[in-house]
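This report concerns only the one structure given below.
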Protein chains: 2
Amino acid sequence: MATGRTHRPATRSRGIPEATVARLPLYLRALTALSERSVPTVSSEELAAAAGVNSAKLRKDFSYLGSYGTRGVGYDVEYLVYQISRELGLTQDWPVVIVGIGNLGAALANYGGFASRGFRVAALIDADPSMAGKPVAGIPVQHTDDLEAIIEENGVSIGVIATPAGAAQQVCDRLVAAGVTSILNFAPTVLSVPDGVDVRKVDLSIELQILAFHEQRKAGEEAPGEGGADTTPPAAPPAAAVRRRGEESEQGPDGDVPAVMPA
Amino acid sequence: MATGRTHRPATRSRGIPEATVARLPLYLRALTALSERSVPTVSSEELAAAAGVNSAKLRKDFSYLGSYGTRGVGYDVEYLVYQISRELGLTQDWPVVIVGIGNLGAALANYGGFASRGFRVAALIDADPSMAGKPVAGIPVQHTDDLEAIIEENGVSIGVIATPAGAAQQVCDRLVAAGVTSILNFAPTVLSVPDGVDVRKVDLSIELQILAFHEQRKAGEEAPGEGGADTTPPAAPPAAAVRRRGEESEQGPDGDVPAVMPA
DNA sequence: CCGTCTTTGTGCACACGTTCACAAAGACAT
DNA sequence: ATGTCTTTGTGAACGTGTGCACAAAGACGG
């Protein structure tokens, strides 16, 4: 039970809200593009459009960083690029390791956007001995046995897990034990980590399921009277669990999908 | 300016909160694992632990679906699997196309978790003529020219974009024009889509930058007096933009990083 | 049939995030 | 200098999400 926390209540450390932090990279990318086109300044309106957000939100986000920006003019692109980079910690180099060099791991290793912004692939690690030494994206794959040594030697604090689900927790534990305190998890599993370790997950399957939900919603609203069960009615509920559905006063008052009553 | 909406305010269609929808796949995965182990029932406490969330949150999430579950006992695993699957629209098959068969696209095509839950890779599409016909993950790659025909023939409503950033918007436009209404975007760009089209993005670079932020935060708190600028002080702000920083009454009252004063 | 014990379902309070709308700050022209 | 005009920075209102804590529901034993 007390193995480790999975949720992260400690995020609200100081100052910048988590939602804002998550948008900073977006702003940074838009600003970088402007910088490459030698645009000297942008208004919040323009930048917001480029980043795909609301201009008020953008201004509030920036207000957490400080009062950069000039009223009546806008923001100095170069200056803002630097400020956001600094805030995100991109003025220094972050060595990362990728564990699990299958299809996905290899794709990640080859991904250009990695190195572009302060991140450097320090090592590729795989459990398959036959992969050892084989270069992927110009970097020789190393064996899992050396994981701890690699982490320590390179001062790695960010690890990327691209292993099968079954191996993820074990790899995670070893990474954490070796000193990694931030993990990006591509394996479809919930990772347990001790306090102080950040985990972010990227899960293709989950994203698709969320899309499917909305997709179904759209289809059901256009063509009503179709969104019922179309496969075999499933196992019956334990006893008399199927009863109300939107009865208390909550929920929408329109023709809802009735709870499937089997048996 | 009025090219298309990027934010999605239309999500709150009816009933189930977006945050809950995003967690349903998590519950479903945990439940499926239990189902395979032939566990008949789970309590909210157990299931919450398996899904890495708070049990109160889980119960509230389920309460939006209806009153499945038996007090004093818990939830019937099989029944709940079905209910969530149905709610997510996984009782039907969703044909998807993957556009851009590079390293990442190929990895996605090979990803097993795809087919496992209602999703079927209907086609792989790439702009490179030399790839046409070449099988990836057992599916022959087709050329971009046939995109519209493929979408229509297969009734595809979900598209995955794994192209380089430069091509993403163009591909997106074609997908949408051909009838796709949900897009999963792996390209590091903001996509503009008309109302009614859902876009979810997966961006490795952004995730890493968020981790870097927290990583820097951790390092800065442990060893104070180190987290300053360590690269060249950047371009000067436009005029006199650098002034206050946490002066109004907001922000943490401790020794903050002073705004770098260049020149 | 009644009492006890477990676990759900949810009202309520609070925290977080978003958006509006406007005063204040400065650029720029005259 | 002074006035006008643009755009920032932010107070305040609102909406969404989270977590506590407890009443109600039902299983189960006697």
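Each residue, glycine too, has its Cβ placed from N, Cα and C.
TrEMBL annotations: computationally assigned, not manually curated.
Pulled from TrEMBL:
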type     : residues                                                   : note
DNA_BIND : A:26-65                                                    : DNA-binding region
DOMAIN   : A:89-190                                                   : domain 'CoA-binding'
BINDING  : A:GLY100, A:ILE101, A:GLY102, A:ASN103, A:LEU104, A:GLY105 : NAD(+) binding site
REGION   : A:218-263                                                  : region 'Disordered'
COMPBIAS : A:229-241                                                  : compositional bias 'Low complexity'
Measure from each Cβ of the binding-site residues A:GLY100, A:ILE101, A:LEU104 to the Cβ atoms of chain B, and list in sequence order the residues where some distance is under 8 Å, or 'none'.
A:LEU104
Name the residue among the binding-site residues A:GLY100, A:GLY102, A:GLY105 whose Cβ has the smallest number of other Cβ atoms within 10 Å.
A:GLY102
Counting across all protein chains present, how many other Cβ atoms fall within 10 Å of the Cβ of A:ILE101 (NAD(+) binding site)?
25
The predicted model's mean pLDDT over the domain 'CoA-binding' (A:89-190) is 96
Looking only at DSSP and grouping its letters into three states, which state does A:LEU104 (NAD(+) binding site) belong to?
helix
Identify, in sequence order, the residues in the chain of A:LEU104 (NAD(+) binding site) that are 6 or more apart from it along the sequence and have a CB within less than 8 Å of its CB; answer 'none' if there are none.
A:ALA162, A:PHE186
